[in-house]
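Worksheet: the structure to be examined is printed underneath.
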């Protein structure tokens, strides 16, 4: 599999790099569409913290890329009326990197760490006491003369986001007072997001066009917004000031994105499972090697959506293509391959 997949408009893991795309992010909870349970909880917790004039308890956000974890971290800081310091776990390479940030935080501010599962053990250990006691242990000197100095920190809120909760250590998870899990968005929720983004981008599109685009957005707002901008390009070149359902479908066909939001690399993955491994079960590492991808890319990007829409199952023995996958590819379904739509590993996104 070639790595031009990283340029695909349906790859949700890449962070927005365009100021116009960042401008689509809502700034308040009332403007954040979807994730209703998480919003209800956060609204209550934020109000309680403000009423007590305290920092919000530490918040752990779990979910696939592109669902709004970073956006919600910024919204939380905005709703609290405090600053938000943002970093990624890979940037916290040495203890002094973390110490420099923690000691510069203002009272009740938000410290957002993306990809928190990638923290080094030494950095995690520093965070334990910082999160629990708002203090920082710092070692001065070396060898027998070394001593530990405890530095007081202002009360703050750590917001950690991850796509791989299983890689976060139990001691770190236990220090988060609030844990929220993000779910894929429904087509109706995504259609509302597309219509909001269209208004902000001064794009005219009808409800049917918004829903058609939403159905191909992998349950992910970041993908929906990216596709909206690409479809706008098609409409502009076609000389149309209005985006219709016909233009959406023509644009998606040109981008090689099918009605389920699958691109060529998704189709190739399913075909490799079926044609090379008899539909599975096949291990993640073996499948990743066959595709020329890393196991992490397979698990973080491809699997969640394919499992959610019922094209793949993850079992103790490995990954399996479902009967629905065979049908989607127009292949005969083996008699032994039965579809279990109510399996806990599968969802009902579409």
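Cβ atoms here come from the backbone N, Cα and C positions, even for glycine.
According to Swiss-Prot, the protein has these features:
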| type | residues | note |
| --- | --- | --- |
| BINDING | 24, 25, 66, 69, 70, 71, 132, 133, 134, 175, 185, 222 | ATP binding site |
| BINDING | 70 | Mg(2+) binding site |
| BINDING | 314, 319 | DNA binding site |
| REGION | 1-22 | region 'Disordered' |
| REGION | 1-185 | region 'Large ATPase domain (RuvB-L)' |
| REGION | 186-256 | region 'Small ATPAse domain (RuvB-S)' |
| REGION | 259-350 | region 'Head domain (RuvB-H)' |
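Taking every protein chain shown into account, 134, 185 are the binding-site residues, and of these the Cβ with the most other Cβ atoms within 10 Å belongs to 185. Its Cβ taken as reference, residue 314 (DNA binding site) is surrounded by 19 other Cβ atoms within 10 Å in the chains shown.
When the Cα atoms are compared, residue 132 (ATP binding site) and residue 314 (DNA binding site) turn out to be 37 Å apart.
In the structure shown, the C-beta of 66 has more C-beta neighbours within 10 angstroms than that of any other entry among the binding-site residues 24, 66, 70, 132, 319.
Under the DSSP three-state reduction, residue 132 (ATP binding site) is assigned to helix.
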